Amino acid sequence: MSDTEDLAALNDRLMAKNHALAEALSRAGKELTKAKSQLAQLAQPPLTFATMVKVDSTRTDEDGIQHASAEVISGTRRMVVPVASNVNAARLTAGATVMLNEKLVLVEQRDADTVGQIRSVKQVLDDGRLIVTDASGNPVLIRRSGALAYAGINQGDRIIIDPSVRLAIEALPAEGDKDLVLEETPDVTFADIGGLDSEIGRIRDAVQLPFQHRALFERYDLKPPKGVLLYGPPGNGKTMIAKAVANALCEGGYDSNGDGAISPAETHVKGVFLSVKGPELLNKYVGESERLIRLIFQRARERAADGNPVVVFIDEMDSLLRTRGSGVSSDVETTIVPQFLSELDGVESLDNVMVIGASNRVDMIDPAVLRPGRLDVKIRVGRPKTNQAIAIVDHYLTDDLPLEDGVDAHALSAVLVHDIYGTSERRHLCDVQEENGQWHALFLADVVSGAMLKNIVDRAKTRAVKESIETGLDVALTVPLLAAAVEDEYRETRDSMADVDPEQWSRINGMDPIRRIRTAE
């Protein structure tokens with residue numbers, strides 16, 4: 001190979017290496033640029049969140065450049081900071097979230113924060129400022145944000161405040177009636193309740209008559225009762241009666257203007273049923289339970305303003321309105337009871353509003369609540385007698401169920417009830433010692449309730465269903481099947497008596513105080 005050819009080959013190799021080096025250099029340059037960009041991004045100082053209070057000053061120079069400053073709150077610091085020229089100061093609103101750079105210059109505005117502490121409005125001042133209460137009940141005076149400048153805010157409303165506790169930044173929707181008002185009308189009617197004809201008659205007289213015959217009540221200068229108390233041992237229909245009242249109220253047809261006649265328009269006037277569970281109103285924060293009571297009666301007054309009858313039903317009333325100074329709970333009742341009483345018969349009228357309470361322990365309710373003029377009508381819903389028990393069982397043992405040929409459902413009900421109410425040894429639960437030291441026998445009939453009667457029938461039906469599954473045929477409800485259900489209920493009740501506290505058990509079940517219980521073998 002000649003020298004010329006050698007030089008040409010060397011030149012080709014060098015050119016190839018040169019291209020490779022150039023490509024490597026180009027890649028290295030790109031990687032270096034990328035690294036510098038990442039380094040610059042990582043070296044960028046952080047921005048600080050702050051809450052906008054107001055624009056402090058603003059002007060525009062001869063070159064059209066904006067010079068503005070704004071008052072902001074960052075954490076606990078209240079500052080006046082410059083506003084960057086590219087941020088329109090006219091669009092800065094109180095309560096909005098703004099960003100500050102490392103030199104504390106306002107460089108960006110964002111939407112107001114949607115989270116924060118929730119406070120209740122205690123008072124709205126004439127100038128629009130708000131007095132709110134914190135978790136301990138202490139009042140704090142705050143201003144409104146721009147978004148709430150013209151918003152209608154009332155006492156008791158809930159708002160979100162900024163971290164500095166200086167600005168109200170958002171109003172929350174009012175706690176809806178869905179927590180207090182039955183969204184659906186209960187399907188229980190008075191016809192569905194057996195064995196309580198006397199009690200039903202009394203509560204219908206107290207609740208329905210004043211609204212259906214308003215003119216007659218005015219003619220006789222008779223004021224409707226403010227409240228009704230349903231009390232007695234558990235499981236005997238107090239809540240069912242309240243549901244039936246709700247159903248009857250929602251049927252409509254009330255004399256709303258007191259002219260003594262129900263016009264076609266008034267047939268559409270329907271009552272409102274506010275259902276409240278007593279324990280739900282108890283709150284560990286000072287003043288919160290009282291606020292909820294005020295809210296309930298405020299809702300009731302609003303609904304009753306158009307002449308609609310309103311019933312406020314408070315279940316487990318003894319848990320909410322306990323005797324003050326009784327020492328059986330915290331001191332929360334010392335403020336809850338006066339608040340309830342002030343709402344019931346205070347300065348503000350409660351026209352068209354009636355309170356119905358239900359309790360197993362009437363002895364624990366403050367006497368001031370029970371006096372005439374407050375809960376005027378007191379209805380004891382006691383344990384059913386034999387005839388009442390048969391009427392109750394008739395609602396669950398009907399002729400459309402699988403029965404033996406020639407067997408009447410009412411006759412089965414009578415047999416079932418007579419078995420339950422027997423006083424032989426086979427229905428003996430235990431012996432109890434009263435406070436005077438005397439012992440006497442306690443039978444299943446002494447603790448029977450409407451709920452227990454339904455449970456016994458359900459036991460028999462469950463046995464029939466299981467036997468029907470095994471045999472593939474409809475098994476009739478027979479006397480032996482019902483007797484077995486009674487026996488199961490008796491055994492469970494007898495066994496549970498060994499673990500109860502005698503005094504508490506006797507009070508809850510509406511009996512005379514019991515010192516000791518001696519269970520049957």
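Glycine too: its Cβ is placed from the backbone N, Cα and C atoms.
So that you can see what the record holds, here are the features copied from Swiss-Prot:
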BINDING   Gly235, Asn236, Gly237, Lys238, Thr239, Met240  ATP binding site
COILED    4-44  coiled coil
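Annotated features taken from Swiss-Prot, shown on the structure.
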residue	record	Cβ within 10 Å
Gly235	ATP binding site	20
Asn236	ATP binding site	28
Gly237	ATP binding site	25
Lys238	ATP binding site	25
Thr239	ATP binding site	19
Met240	ATP binding site	21
May I ask for the residues of the chain that lie six or more residues beyond the coiled coil (4-44) and have a Cβ under 8 Å from a Cβ within it? none
Centre the Cβ atoms of Gly235, Asn236, Gly237, Lys238, Thr239, Met240, go out 8 Å, and tell me which other residues of that chain have a Cβ in range of the ATP site. Pro234, Ile241, Val381, Ser449, Gly450, Ala451
Summarise the model's confidence over the coiled coil (4-44) as a mean pLDDT value. 81
